[in-house]
Amino acid sequence: MEGQTPGSRDLPEKSHPAAAAATLSSMGAVFILMKSALGAGLLNFPWAFSKAGGVVPAFLVELVSLVFLVSGLVILGYAAAVSGQATYQGVVRGLCGPAIGKLCEACFLVNLLMISVAFLRVIGDQLEKLCDSLLSGTPPAPQPWYTDQRFTLPLLSALVILPLSAPREIAFQKYTSILGTLAACYLALVITVQYYLWPQGLVRESHPSLSPASWTSVFSVFPTICFGFQCHEAAVSIYCSMHKRSLSHWALVSVLSLLACCLIYSLTGVYGFLTFGTEVSADILMSYPGNDMVIIVARVLFAVSIVTVYPIVLFLGRSVMQDFWRRSCLRGWGPRALADPSGLWVRMPLTVLWVTVTLAMVLFMPDLSEIVSIIGGISSFFIFIFPGLCLICAMGIEPIGPRVKCCLEVWGVVSVLVGTFIFGQSTVAAVWEMF
């Protein structure tokens with residue numbers, strides 16, 4: 001790109017990326033990947049099953065997506081080893097050239113910022129619903145000031161989210177990821193059990209639709225599934241933090257992580273849809289009675305789950321700003337004493353800036369379903385398009401047989417085309433709904 005030929009990019013054949021200390025175990029990598037994927041999209045899966053027209057078409061879309069999702073993770077690990085870079089945007093810049101690298105950085109930053117806004121909105125909604133449930137026994141009256149999101153979200157961000165986001169390395173998130181994954185599993189378990197127990201006060205559709213209204217309705221759920229399984233932005237950072245970085249081992253970690261996520265998402269989607277049918281809310285918990293203690297606990301734990309994934313997103317977004325800071329200092333635009341962007345005096349202001357900006361934005365964004373559509377479209381760049389481009393560019397560097405090279409290049413082209421289709425479809429749908 002930009003006048004470079006594949007042979008002129010002096011890249012190592014199979015060097016380990018220049019990452020920080022490799023302190024992450026395989027199990028820790030699995031949990032961080034799972035927690036990155038088990039975010040706010042879990043609440044939307046029953047709605048996606050309804051929009052697709054039933055269990056069978058939605059499940060088929062999920063399985064087809066899973067092939068590309070696993071492929072994207074494996075390609076990113078391979079590309080990180082080939083390029084010798086330790087961040088997603090660094091891998092794209094190293095393999096595809098500075099022009100596409102800048103596009104990747106811009107999309108990366110916007111996407112992660114919007115995900116952070118969506119997460120804070122979900123946390124705020126769950127806290128608001130929780131306060132309504134706890135105060136439901138009192139006579140109708142104005143809600144106390146301390147239940148307002150404008151108070152609870154900044155307080156939670158200052159006391160919990162900011163300290164969790166401060167560590168320098170992503171490997172630290174393995175501890176909170178275990179807690180967050182278990183909290184997400186509880187939500188899937190509750191939705192499954194509630195379908196069979198049918199507690200008093202639960203109104204559900206007796207005969208939900210089991211066929212899609214049209215083929216376009218099936219394609220329309222791709223953005224929601226992309227948003228649900230969105231862990232590719234963290235893939236390079238996780239891979240570069242692992243003890244064992246062989247491609248086969250990374251492929252095993254990727255497959256196990258996404259299969260476990262697929263099970264949790266499928267249980268939530270199937271039983272949430274079978275319980276409420278076409279009447280299911282975009283936020284599945286909003287469809288249940290607010291005074292059910294099991295649902296109240298699910299709200300608390302799901303809020304905990306989102307709180308634990310927000311620092312992972314912040315870490316990735318901060319890495320883009322740190323790269324920009326490093327390049328600025330090398331060009332003489334900043335103080336050389338602070339040239340190390342991972343230092344405390346650079347890392348913490350960037351962390352505070354990220355939390356502050358997302359808190360300010362959360363009050364002005366549209367409802368969650370529109371945010372998911374927009375994020376799902378942008379996510380196609382990181383799940384399909386950029387990995388496909390990296391695979392195509394890597395074929396000009398790696399000594400591979402002509403048949404294998406041709407097959408991999410074709411797969412890279414297919415990934416780019418599928419990602420372009422999903423981005424176009426979801427963007428047009430989101431704009432259509434907004435207007």
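Here the Cβ of each residue, glycine as well, is placed from N, Cα and C on the backbone.
What TrEMBL lists as domain 'Amino acid transporter transmembrane' is 24-423.
What TrEMBL lists as transmembrane segment is 18-38 (among others).
Annotation comment: TrEMBL describes 58-82 (among others) as transmembrane segment.
Residues or ranges marked as transmembrane segment in TrEMBL: 178-198 (among others). Tertiary neighbourhood of the transmembrane segment (178-198): same-chain residues 31, 34-35, 38, 42, 46, 204, 264-265, 267-268, 271-272, 274-275, 284-285, 288, 294-295, 297-298, 301-302, 304-309, selected by CB-CB distance under 8 Å and a gap of 6+ residues from either end.
Here the transmembrane segment (218-239) has long-range neighbours at 17, 19, 24, 29, 32-34, 36-37, 39-42, 44-45, 47-49, 51-53, 57-58, 61-62, 65-66, 69, 72-73, 76-77, 79-80, 85-88, 90-91, 108, 111-112, 115, 170, 212, 245, 250, 254, 257-258, 261-262, 265, 312-313, 315-316, 319, 372-373, 375-377, 379-380, 382-383, 387, 422, 425-426, 429-430, meaning same-chain residues at least 6 beyond its ends whose C-beta is under 8 angstroms from one of its own. Among the features that TrEMBL reports, transmembrane segment is placed at 218-239 (among others).
Below 8 angstroms of C-beta separation, residues 26, 29-30, 33-34, 37-38, 41-42, 45-46, 48-50, 54-55, 58-59, 62, 66, 69-70, 73-74, 77, 184-185, 187-189, 191-192, 194-195, 208, 228-229, 231, 235, 242, 280, 284, 287 of the same chain, each at least six residues beyond the ends of the transmembrane segment (251-274), sit close to that stretch. The transmembrane segment annotation in TrEMBL covers 251-274 (among others).
What TrEMBL lists as transmembrane segment is 294-317 (among others). Away from its own ends, the transmembrane segment (294-317) comes close to residues 32, 35-36, 38-40, 42-43, 88, 108-109, 112-113, 115-116, 119-120, 122-123, 126-127, 129-130, 133-134, 156, 160-161, 164-165, 170, 173, 176-177, 179-181, 183-184, 186-187, 190, 194, 199, 233-234, 237, 285, 288, 351, 354-355 of its chain (Cβ-Cβ under 8 Å, at least six residues beyond either end).
The annotation transmembrane segment is assigned in TrEMBL to 344-365 (among others). Only residues 6 or more beyond the boundaries of the transmembrane segment (344-365), in the same chain, are considered here, and those with a CB under 8 A from a CB of the stretch are 113, 116-118, 120-121, 124, 149-150, 153-154, 157, 161-162, 165-166, 168, 314, 317-318, 321-322, 325, 338, 371.
TrEMBL lists 371-397 (among others) with the feature transmembrane segment.
The list of residues near the transmembrane segment (409-432) in space but at least 6 beyond its ends in sequence, with Cβ under 8 angstroms from a Cβ of it, reads 68, 71-72, 75, 219-220, 222-223, 226, 370, 373-374, 376-378, 380-381, 383-385, 387-392, 395. Annotated transmembrane segment per TrEMBL: 409-432 (among others), in sequence order.
Here the transmembrane segment (58-82) has long-range neighbours at 11-17, 33, 48-49, 52, 88, 91, 95, 218, 221-222, 225-226, 229, 231-232, 235-236, 239-240, 245, 247, 250-251, 254-255, 258, 262, 265-266, 269-270, 273, 382-384, 387-388, 390-391, 394, 397-398, 411-412, 415, 418, meaning same-chain residues at least 6 beyond its ends whose C-beta is under 8 angstroms from one of its own.
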